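Heads up: the structure comes next, in structure tokens.
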Amino acid sequence: MANLLSYVLFLALRTFAAPPEFIQVRPGGSTPSPGDLGNDTVGPSLVPPPGTSKHAPHSIIIGVRKGGTRALLEMLDIHPEVAAAATEVHFFDWDENYAKGFEWYRDQMPYSYPNQITVEKTPGYFTSPVAPARIHAMSSSIRLLLILRDPTERVISDYTQVYFNRLENHKPVQAIENMLVKNGALNTRYKAIQRSLYDVHMRNWLQHFPLEQIHIVDGDTLIHDPLPELQRVERFLHLPPRIVASNFYFNQTKGFYCIRSDGHERCLHESKGRPHPPVNSTVLRQLRLYLRQHNRNFYRLIGRTFNWQ
């Protein structure tokens, strides 16, 4: 028994005392790909793979919040020629970050090889009044990805995320009807509703970018049948087709598709796909009616329709 304990202690000490000049190694002995390095700061114990560097994004997922941006990025990251930023950078929509300058922004990107494109996602960009002009100033030819879902469902999902966040931080919460209705009428100033006015925000983007540079992903379809949507994204980004059906499997417990890649399986965080609270039918009808005209306006802007209620 004493010999066994001594051996375990030896292994632990050897692990934590590994020479700092070594590159981090995955289980199995492989070194991480540039995308795996994400936004980690390179220090003495983490060295970027030879031949890699950081670049400004070739494409940005601009939104929309609670539209499926994380799912889209995770699924797109399957592609070997994509290096995805690990975190939401909020460079173009937060003044305090934009003031740090372009070099700071580029340093937030992952390391990538010359044959890879860098992709960043910050859902707040789509609804930001300043992000389109700022992104255009960086690159007028950048290719933008916008994932949208039924705007009514998006409002409820937005509320659900805030609700659980407040619970976890021991803050008071309100029923969704109290947020949607104010003084007996629909509270159209509620931020969650404002974010679902896709036509309003899209007009701002089309003042700076042609529609051909903005690829719209159907978030509702992505949830139920991800492969066709990912193949369209590959073509839009001029990527060779590498994402296949075997990269996805339906998780019965979670109720949505998970990812299989490089011998590993992973699902989105447990905070994704939370069940929505029931909503008073009269209030829900008011919300759908209000958003319906905005949806029609949006369809006209993009020359395309969706199966939104």
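A Cβ is built for glycine as well, from the same backbone N, Cα and C atoms used for every other residue.
Listed in TrEMBL:
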| type | residues | note |
| --- | --- | --- |
| ACT_SITE | Lys66 | active site, for sulfotransferase activity |
| BINDING | Lys66, Gly67, Gly68, Thr69, Arg70, Arg149, Ser157, Tyr257, Lys272, Gly273, Arg274, Pro275, His276 | 3'-phosphoadenylyl sulfate binding site |
| DISULFID | Cys258-Cys267 | disulfide bond |
| DOMAIN | 57-261 | domain 'Sulfotransferase' |
| REGION | 27-55 | region 'Disordered' |
| SIGNAL | 1-17 | signal peptide |
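This view paints the features noted in TrEMBL onto the structure.
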| residue | record | Cβ within 10 Å |
| --- | --- | --- |
| Lys66 | active site, for sulfotransferase activity | 24 |
| Gly68 | 3'-phosphoadenylyl sulfate binding site | 27 |
| Arg70 | 3'-phosphoadenylyl sulfate binding site | 18 |
| Ser157 | 3'-phosphoadenylyl sulfate binding site | 21 |
| Cys258 | disulfide bond | 17 |
| Cys267 | disulfide bond | 16 |
| Arg274 | 3'-phosphoadenylyl sulfate binding site | 12 |
| His276 | 3'-phosphoadenylyl sulfate binding site | 13 |
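Here the CA atom of Cys267 (disulfide bond) lies 11 Å from the CA atom of Arg70 (3'-phosphoadenylyl sulfate binding site).
Ranking the recorded positions Ser157, Cys258, Cys267, His276 by the distance of their Cα atoms from the Cα of Lys66 (active site, for sulfotransferase activity) places Ser157 first. Straight-line distance linking the Cα atoms of His276 (3'-phosphoadenylyl sulfate binding site) and Cys267 (disulfide bond), rounded to a whole number, equals 19 Å. Looking at the domain 'Sulfotransferase' (57-261) alone, the prediction's average pLDDT is 97.
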